[in-house]
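Asker: Heads up, here are the entries from Swiss-Prot:
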- Cys456: active site, cysteine persulfide intermediate (ACT_SITE)
- Leu183, Ile184, Lys265, Gly287, Gln296: ATP binding site (BINDING)
- Cys344-Cys456: disulfide bond (DISULFID)
- 61-165: domain 'THUMP' (DOMAIN)
- 404-484: domain 'Rhodanese' (DOMAIN)
Amino acid sequence: MKFIIKLFPEIMIKSESVRKRFVKILTGNIRNVLNKYDDTVAVVKHWDYIEVRSKNIENRILLVELLGRIPGIHHFLEVEEKPFVTLHDIFEQTLSDVATQIENKTFCVRVKRKGKHDFSSLDAERYIGGGLNQAVASAKVQLSKPDVTVRIDIENDKMMLIKARHQGIGGYPIGTQEDVLSLISGGFDSGVSSYMLIRRGSRVHYCFFNLGGATHEIGVKQMAYHIWKRFSGSHKVRFVAINFEQVVAEILEKVDNGQMGVVLKRMMVRAASKVAQRFGIQAIVTGEALGQVSSQTLTNLRLIDEAAESLVLRPLITHDKEQIIAKAKEIGTEDIAKSMPEFCGVISKSPTVKAVKEKIEQEESYFDFSVLESAVQNAQYLDIRQIAEQTKKEVFEVDEITVLSANDVILDIRSPEEVDDKPLEISGQNIILMPFYKLSSHFAELDQSKNYVLYCERGVMSKLQALYLREKGFDNVKVLNKIS
């Protein structure tokens, strides 16, 4: 099984030294991601493409899915490589592969060629296309908008019949740009802004300001873990949790109501700047969009930036909410975001849209900054890969079982895509499909006389969700530890 990885076009127009560095980094990223799932994978870089091979044909769907999420890949071709001697050899091998595909359809042949041959690419297209047209009576050549395009790459003494073309996410390889710290709340905006910086080549770390207790933190961890695993699993990143409940309490007690929103955001960027400086991170990322809420006017954003000691990046600054939600749906964070409460917007009933610097500074003079310092000093730092281990400790009270009783119902909480790829089948067992992001709104609708055993592939999300449901008062939840 072989894939040809085509690079993001902006990589190709870089200087030779920069392009080589980017390709080297992308090659390493691909290897890091794929080797976790398939130890037979070999990744080889070339001047203008990267070659990926695997001996495990059963991993095809998984590898296609993983490659489609790695930043730096514009698209990739699934190819079948065969040796040839003459142009007629290429035709015969192509015929055996595509004859059934072009029956009763229009088709054309497109050839790309490298190396020395006694024929041109156009000669090959005409010869192979003419041969297919004669061999398959019901097929018809049509050069413009055919039903089937037969694509062949010829390189030296080998031909590669392109079985499929898959789109990548583009962007730059992670590690080609400097690290950033994303202020993630679990909502639509922060998840999308994190993804956009990942796609642009930065390693994105996550900073979460907890305003809503353990349940809120669990939800945000789910989103951060989802984004990391899906799009940046090639790199280690940090998840930083800062308890901001006392900071909010101090603001509510001492700051004028209309100024609370801006003051809270200023406290957040102050804290995030300290975290960024500690780890040598160059910028912090927020999901703010111009005019979306009262604190996001140009005047207010300028005042927020003045409190930061790091560069503040806002990749969504010109995006509409509709665009943001569409992107969240595309990257798989929409449903998680739907279940997240918005805390920042509710602390002020009459927020100012045009804050005055002198007024903000006066209100902040009433604030006890030792509260902020304490919050930063007591921040929790976690390797995002350790979320699984931390979850095991947090959900010790949730039963993990291997043997099911008559009253147990398996709740498969994987995403629909995961279920389609690898359906869960246990003879004689009742299985309900309910993606993890729907549990908060739909679990109560289930028959509560039953015990529900949560299942996911690696057990991380099932344990997080079990803890979440326990905190909501549902005691009839367990975790499926192993399928025998």
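Numbering starts at 1 and runs along the chain as displayed.
In case you wondered, yes, glycine gets a Cβ from its N, Cα and C as well.
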Asker: Between the residue listed as 'active site, cysteine persulfide intermediate' and Leu183 (ATP binding site), how many Å separate their Cα atoms?
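Answerer: Here the two Cα atoms are 28 Å apart.
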Asker: For Leu183 (ATP binding site), just give me the three-state DSSP call.
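Answerer: In the DSSP reduction, Leu183 (ATP binding site) maps to strand.
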Asker: Over the span of the domain 'THUMP' (61-165), how high is the average pLDDT in this prediction?
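Answerer: Computed over the domain 'THUMP' (61-165), the mean pLDDT is 94 on the 0 to 100 scale.
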Asker: Inside 10 Å of the Cβ of Gln296 (ATP binding site), count up the other Cβ atoms and send me the figure.
Answerer: 21
Asker: List every residue in the same chain as Ile184 (ATP binding site), at least 6 positions away in sequence, whose Cβ is under 8 Å from its Cβ.
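Answerer: Residues satisfying the criterion: Ser190, Gly191, Ser194, Tyr206, Cys207, Phe208, Val220, Met223, Ala224.
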Asker: Would you mind checking how many other C-beta atoms are within 10 angstroms of the C-beta on Leu183 (ATP binding site)?
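Answerer: Leu183 (ATP binding site): 25 neighbouring Cβ atoms within 10 Å.
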Asker: Please state how far apart, in Å and to a whole number, the two most distant Cα atoms are among Leu183, Ile184, Lys265, Gly287, Gln296, the recorded ATP-binding residues.
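Answerer: So the binding residues stretch over 16 Å, Cα to Cα.
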Asker: Can you count the other CB atoms that lie within 10 A of the CB of Cys456 (active site, cysteine persulfide intermediate)?
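Answerer: Excluding its own Cβ, Cys456 (active site, cysteine persulfide intermediate) sees 22 Cβ atoms within 10 Å.
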Asker: Name the secondary structure element type, per DSSP in three states, that contains Gly287 (ATP binding site).
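Answerer: The three-state answer is coil.
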